[in-house]
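In Swiss-Prot this protein carries:
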{"type": "REGION", "residues": "23-307", "note": "region 'Glutaminase'"}
{"type": "BINDING", "residues": "S65, N114, E160, N167, Y191, Y243, V261", "note": "substrate binding site"}
{"type": "DOMAIN", "residues": "316-413", "note": "domain 'STAS'"}
Amino acid sequence: MLTMPIPEYLHEILDDVRDTTSGELADYIPELKSADPNPLAVALCTVNGHIYSAGDDDIEFTMQSISKPFAYALALQECGFDEVSASVALEPSGEAFNELSLDGENRPMNPMINAGAIAINQLINGSDSTVEDRVEKIRHYFSELAGRELTIDRVLAESELAGADRNLSIAHMLRNYGVIEDEAHDAVLSYTLQCAIKVTTRDLAVMTATLAAGGTHPITGKKLLDARVCRLTLSVMASAGMYDEAGQWLSTVGIPAKSGVAGGLIGILPGQLGIATFSPRLNPKGNSVRGVKIFKQLSDDMGLHLMSTEQVSGHAVRSITRDGDTTFIQMQGAMNFSASESFLHAIVEHNFEGTEVVLDLTRVLSFHPVAIRMIKEGLKRIRDAGFEVFILDPDDVLPDFMFSDGTICKERV
């Protein structure tokens, strides 16, 4: 039985950052100030529904600001772009997340800062909704995105509300400008309960993969969001998801992302996968220190930068067929992380028989370095399972015919 190497790679990344102890817990929320600073987790989910994770992936934590893009998507789905944009603009603020950043029409600058998120929250379930009905609508929808029933940490919400003076002042100003209709306390209560929904990194990976897939749930196949809603949400995440660190993030990491002060961090590569990390210590910008390191390494190693000029492959595994004692795996397109992940998943699921396996690269256009490493590791595991492995590469798209351990693989001519 072949095994998948991706979880091993994720464990290696966690080991690389585990000794990083810089950063501080969020100290303005008592429940978060006393949280365990040590948990560390990472999870990936492809648009095909393949989930990989490592570390403390079963630990629940509150979404906090990570809830903002999902709430924005829900508001867009319910109300439409025109109604949402009448309340909240789409420009980066360049200021801290808890500033009252308004444009010339007194709209919050974007949905990723607190002012914008409070306004977005008030659009969901209609302006005449009660707090509990609105929060339940959000919780239920987030549960659909995660693929399981999520719950609210009401103890933490009460702790957060006790020190919510700044958000209350923002809500009062928004009400004064006619952006929201509810009383300021009710608006902040609703928003705070939204932030207190509990998730794991695996939940967030599935939720983000739904956005990456244009609104189709990667596990259930259910259509939850319109593709245009997902595109708008990812655009805002790219420009404003990391607050006043957004420009630096997009340049160096290149993944639409959103952070939360509980230590969560999510990222989305459109059409490919969703990523989530959890580590509670934060940098001065309010982003997880180890989470940022993990994302930078994933982006570099896996070629995930949104502005990469590498071609993106569709269905990478064209076919797996058998002729006598020989199994042929035919690949196609440009080999990047997602394409090579499809290859690895296919060989793990396939019941190989016979004595030989031939990897046919006749239709392959190019290889990203990460794909070379992943393909070579997959071939090594086929060899170690007792099969003789050959590579058919008439256009020399592979730089060499070595397995991942440095031994030579045979060429098929």
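Every residue, even glycine, has its Cβ placed from backbone N, Cα and C.
Note that the coordinates shown come from a computational prediction; the quantities given were computed from them, not determined experimentally.
What Swiss-Prot annotates, mapped onto the structure for a quick look.
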{"residue": "E160", "record": "substrate binding site", "Cβ contacts under 8 Å, 6 or more apart": "I29, E31, T192, C195, A196"}
{"residue": "Y191", "record": "substrate binding site", "Cβ contacts under 8 Å, 6 or more apart": "N114, A117, I118, N121, N167"}
{"residue": "V261", "record": "substrate binding site", "Cβ contacts under 8 Å, 6 or more apart": "A26, I29, L32, Q64, S65, L282, G286"}
According to DSSP, does N114 (substrate binding site) sit in a helix, a strand, or coil?
helix
Please spell out the DSSP helix, strand and coil residue counts for the domain 'STAS' (316-413).
29 helix, 38 strand, 31 coil
Per DSSP, three-state class assigned to V261 (substrate binding site):
coil
Confidence over the domain 'STAS' (316-413), expressed as mean pLDDT on the 0 to 100 scale, is 91
Measure the Cβ-based neighbour count of N167 (substrate binding site), defined as the other Cβ atoms within 10 Å of its Cβ.
23
So N114 (substrate binding site), by the Cβ count within 10 Å over all chains shown, scores 24
Taking the Cβ of S65 (substrate binding site) as the centre, count every other Cβ atom within 10 Å, in any protein chain shown.
22
